[in-house]
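These notes are about the structure you will find just below.
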Amino acid sequence: MPRTYLKKALKTAESDAAAVTGIVQTILDEIEAGGEEAAKAYAEKFDRYDGNIVVTRAEIEAAAASLPQKLKDDIRFAHDNIRRFAEAQKATLSETEIEIAPGFFAGQKIIPCQAAGCYVPGGRYSHVASAIMTVTTARVAGCQHIAVASPPRPETGVHPAILYTADLCGADSILAMGGVQGVASMAFGLFGQPKADILVGPGNQFVAEAKRILFGRVGIDMFAGPTDSLVIADASADPEIVAADLVGQAEHGYNSPVWLVTDSGALAEKVMALAPGLIDSLPEPNRASAEAAWRDYAEVIVCDTIEEVAATADDYAPEHLSVQAENLDWWLARLKCYGSLFLGEETTVAYGDKAAGTNHVLPTSGAARYTGGLSVHKFLKVVTWQRSSRDASKPVALATARISRLEGMEGHARTADIRLAKYFPGENFDLAAVE
Ligand SMILES: NC(=O)C1=CN([C@@H]2O[C@H](COP(=O)(O)OP(=O)(O)OC[C@H]3O[C@@H](n4cnc5c(N)ncnc54)[C@H](O)[C@@H]3O)[C@@H](O)[C@H]2O)C=CC1
Ligand SMILES: O=C(O)[C@@H](O)CS(=O)(=O)O
Ligand SMILES: [Zn+2]
């Protein structure tokens, strides 16, 4: 048998999907109808917060003053790496122009989205790094207005390090508003914000579903919900490091899957023996999250060949994919579905999560089959233009008229006819559909 499950998940990302959709749709509908008061009521209900919503400059400055310099230095280090990576990505996209035929030009232009709404999660942990990933990238892209929404803590509001970071990275405004109500506030333009053209950022299943439902009315980066991670390891891998990496990402939440895929049954057994002890040694609430995630969502799969290991990883299309195996170049060339790839034991998912430079806002729940993670490109619209001399437009007009008639689109055909008649008076053209 090519795949043997030493541990099989009891649940998947789909398990609660229908219930979540219903809950989120109701909240969105109520906020759309009830506006700011409805959003504030949800902030009270879910986050027990009734303070001011738009964070003031004085609050941001007080937050910055309250943080130790070493933490600020670390945040600046991470910001610098993420900014430089985003700038390098931006440089890979360029405006272009081609003379399709003599006198007929077509081009592409790159225009940043105007208003970006960045969600920075903060329910269980204070996701400072998510503020860096979203705001910095929107700023490098050139968005004109960048709003942030993040859950407040009762009494104290948004975590001071998130306020400091969002401001450092270039946020124009920060809302103390989490979950669906935070996303809705940015999408619907509440609390004095411009309506977001694009919503980005990670979050729990409610946040991810809110973005998914709003997509179309507003752009989104991708489905970036509960974190998932897959480790590929062969017999050369260190089982203690593999186990630590799996447990490290399982702490995200009770619904964060971690998967081990290996061609070594011996390694799989060792990792499975080590994981419970590592989970037990975590502080709360991390331990409880990791324990539930390991119990309900984790899988350990043994394959016969490395080709089958790679195919299995591609089927899971994980958000994070760590390879701790020989011949890393082979894996880099072979693997096709992942949000971000971590090659070798010398790097790890947490480096990308916090500080290495690549973005940590990544596709979850299999979305890596069709998209990569957040990049500067998600904020940039690649649009096209065309311009022509009268002479150069002639062959295009003839083809347009005939194709349009064949399609039955007489109105389209006549927009070409009228130009041919104006620019080339006295000439006869064969404008009938070619059947
Ligand atoms: N895919 C990615 O790139 C990343 C994903 N994440 C994920 O982000 C998530 C963060 O989750 P949280 O800590 O919960 O923070 P969060 O900020 O996403 O969610 C907190 C909010 O959830 C709302 N909420 C809580 N219970 C609710 C309920 N029963 N109904 C409706 N709304 C409810 C509250 O309004 C609260 O403000 C984790 O699942 C983590 O794995 C984090 C970073 C990156
Ligand atoms: O899903 C993710 O990318 C998270 O692992 C990022 S973080 O660890 O929450 O910063
Ligand atoms: Zn993480």
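In case you wondered, yes, glycine gets a Cβ from its N, Cα and C as well.
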Site co-member for substrate according to TrEMBL, given Thr227, Gln249, His252, His320, Glu407, His412, out of Asp167, Asp172, Asp353: Asp353
Euclidean distance between Cα atoms of Thr227 (substrate binding site) and Tyr119 (NAD(+) binding site), Å: 15
Cβ neighbours of Gln181 (NAD(+) binding site) where a neighbour is any other Cβ within 10 Å: 30
Whole-number Å value for how far Thr227 (substrate binding site) lies from Glu319 (active site, proton acceptor) (Cα to Cα): 7
Candidates His252, His412: member of the binding-site residues with the richest Cβ shell (10 Å): His252
